[in-house]
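Taken from TrEMBL, the feature domain 'Amidase' applies to B:25-467. The feature active site, charge relay system is assigned by TrEMBL to B:Lys76, B:Ser151. Feature annotation from TrEMBL assigns active site, acyl-ester intermediate to B:Ser175.
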Amino acid sequence: MTTIALPSYEDATSRYETVIGLETHVELGTQTKMFCGCKTDFGAEPNTQVCPVCLALPGALPAMNGAAIEATIRIGLALNCDIAEWCRMARKNYFYPDMPKNFQTSQYDEPLCVDGHVDVVVDGKEYRIGIERVHIEEDTGKTLHVGGATGRIHGATESLVDYNRAGIPLVEIVTKPVPGLGELAPEVAKAYVAELRDIIRSLGVSDVRMEQGSLRCDVNTSLNKPGEEWGTRTETKNVNSLRSVERAVRSEVIRQAGVLDGGGKITQETRHFHEDRGDTSPGRSKETATDYRYFPEPDLVPIAPDPAWVAQLKSELPEKPSTKRARLREEWGISELDMQSVANAGAVELIEETIAAGASPAGARKWWMGELARRANELGIELSAAGATPAQVAALQKLVDEGKLNDKLARTVLEGVVAGEGDPAEVMAARGLEVVNDTGALTAAVDEAIAANPDIADKIRDGKVAAAGALVGAVMKTTRGQADAKTVRELILARLGVS
Amino acid sequence: MSDLTRLSAADLASRIASREVSAVEVATAHLDRIDAVDERVHAFLHVDREGALAAAAAVDRGEITGPLAGVPIAVKDVVTTKGLPTTAASKILEGWTPPYDATIVERLKAAGMPILGKTNMDEFAMGSSTEYSAYGPTNNPWDLGRIPGGSGGGSAAALAAYEAPLAIGTDTGGSIRQPGAVTGTVGAKPTYGGTSRYGLIAFSSSLDTPGPCGRTVEDTALLHAVIAGHDPRDSTSIPQPVPDVVAAARRGATGDLTGVKLGLVKEFAGDGSEPGVLAAFRESLEALVKLGAEVVEVSCPHFQYALPAYYLIAPSECSSNLARFDGVRYGLRSGDDGSRSLEEVMSLTRDEGFGPEVKRRIILGTYALSSGYYDAYYGQAQKVRTLITRDFQAAFEQVDVLVSPTTPFVAFPFGSRTSDPYQMYLADLFTIPTNLYGGPAISVPCGLSEGLPVGFQIMAPTLADDRMYRVAAALESAVGTFTPPAL
Ligand SMILES: [Zn+2]
């Protein structure tokens, strides 16, 4: 085996053009599965959310979940697609044990939504990503291989299958090939997935959480020399975060450039992205058959959405996330970059609701993008699951604005809120965290501090006002931080006759 | 008391309702008859004495009433029955007991009909003789050396042998009607979507239709009314009321067909039918004319392509439908000794579990759906299907129903057609067009040829199931019913 010298990314993109394409799977958040009444809760005990239909027992038949069709149409409309007036489901035939019927009910040449687009902004420039199709299909179960060293099927002594996920509705969103992005291809790919996530989240049809697999992304990449035909593409799977989307494209561009530089050919294949190493390796093909023998699903009648209904769904679409962001950026008076990080943190709606509950934009943003975002990051959870509600955050900020909490105390109160101890006022009372505003008690503490530090007091009397900080510290210590530092400072200066 | 097993279902129902006999007595009489003759007939794969008697007792306690309450029934083994083995006559499902009832079985139970057991058939309903059952063939009560038709030979033979007064069949290309014809019983294929497929182990989803089997037209109509009607669990089930087939049968039984136009399909004339079959058919046609019917010759030019189209569509769908039988979740599992890969275990299971005709069709269908062949085979067959549908629609603009012999030949001796699949497939020559179109059709006994029964087929437009019952009952009133020699 020869080792190929890899070029730098900049070098690669200076000599090759890239074409990318993305296939995204979104697990819909319907109450029940696509063809049966089984629940779709994440994380349930294996094989507890199953029935004859999703286990494909002999004789069982699918019955279409109308909510899944509606959600798919809404996604299609939000991506500016045309909605088919008549289309059919199709069977994709291949054998695999996590697929109970040994065919997947999907769509083939008659997708529900076609020909749309998504606009994304990278470095201030807008890029239009064409949407080839949006179709609906069912998810498979999950196979666990036990006894092998790698957890993969090879070498395993037993295979366990959990069919809870089998039959959960999935929407597949396929872009048209996107050429001409130059070195920005990785960033545009990432921005597209982020935008897609925000659009779908705004529709309320999926929680689109990459880490839980409710949004999964495959990235197609190919390189060609300028002026030549598009190259052979590879499909990179297991891309499980926004950052990975970017890294996967980048690493694949570098790898393919290396192969082409060495006179090699790109093999059309599925590759596996490694989060830890940041590169890809050839994937073991999941299916043994390459011919899926698609044919129209005879167990389901065609889907023929009433155009009037589709028009109604279109008129009821929520404000586009990009429009909304522009509006809120204006209202909140923040920079585009700040807005971008708010969006990336999934904080737009949370901050919006916090403001609606009475907080100032700056106050609301401070908590969500500060303490709470940090916590969500550390725990690898969504910001909305970080433990505080917009109403609680607004109440916390109000206590600060009223002078009942200082910044440090407020953070402690938030810890209590997150720990489930109650609303901010309750936590403040229960933990005795209110700022000490009783001037009598404070004056005593100040006098005590002056008496204990005569040297410092003299310095202050001599006009070295900056030395007051040490006395403030002492007072804060005796009041266990519950005093307002500014008040303490003013009191010290007054007692020493400096102010 | 007269032999309860010789009575019609309608008669039994009224005697049970009036408490002249108990449902338990009726069930017992049939279970005893099964004990006495089924060793020779082999109509049943499983008999559920306990379950049948318990269901009958519930009727006797007055818990369930209705037009067929207490009338026992035999169910083809391709329909799931909760707690009762269901094998589709295949080794691959040996010992499998479904945890759920098919919709039509739920309806039988709700109607108070005790289920006697599960009847034999060609494996996965693929065949015309029951010779492809993994558990041995069923013998025709008219001549135990001959086939009872297929795939639903067990259900038809159970009726002809007086083991059951009613039975459930399924019809994909003639599997209710052809067995009915060769056993001298009545078999109806309802409009596709008129009866729920939920719980029917799929052979060819776009063609499979469960339906009623009986010894009289009225009995068959009564059963039709019990099992038919919309089912939200079957997407292809039609959300419309079922035509009043019982009233139509009773109207037909008065023997008046004035103004009814019967269409004689020109393309079927003399097409490979045995002379005795043609003779019985023609005599019946004359009988219908005497009742006031008018005979009109119609042309259905695409019927000649029905057989090849069927043998592309049905195997294609079956190749996909039967993929689930892989040994992973239920049924047979072969070669799982720890040394073999999952793929090898799946492959060995299917190799051992499926019989020759099932394998033949899976391979045929897999080939027909393969990329590069799809358009030429599956795609082309679908076009033929559309043309056949148009033939039917055009014909029904001229006539009320179409008529033909049900099958070109009477019950044939075992082994006479197994060596050449095409000779076996010809048994369904006249029944297949209806399945491709989706309309209803019924086979009713119309005479004998060399001592063996001949069936008369009546085909009606979709959702006009009542029409065929009217003509069938009229024919029955003219030619009578046919009783096989004592077993
Ligand atoms: Zn289910």
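Backbone N, Cα and C define each Cβ position, glycine as well.
The two recorded residues, B:Ser151 (active site, charge relay system) and the residue listed as 'active site, acyl-ester intermediate', have Cα atoms 5 Å apart.
For the pair formed by B:Lys76 (active site, charge relay system) and B:Ser175 (active site, acyl-ester intermediate), distance between Cα atoms is given as 11 Å, rounded to the nearest Å. A C-beta separation below 8 Å, combined with a sequence spacing of at least six in one chain, links the residue listed as 'active site, acyl-ester intermediate' to B:Met121, B:Asp122, B:Ala125, B:Ser128, B:Gly150, B:Ser151, B:Gly152, B:Gly169. On the 0 to 100 pLDDT scale, the domain 'Amidase' (B:25-467) averages 97 in this prediction. DSSP assigns B:Lys76 (active site, charge relay system) to a strand in the three-state reduction.
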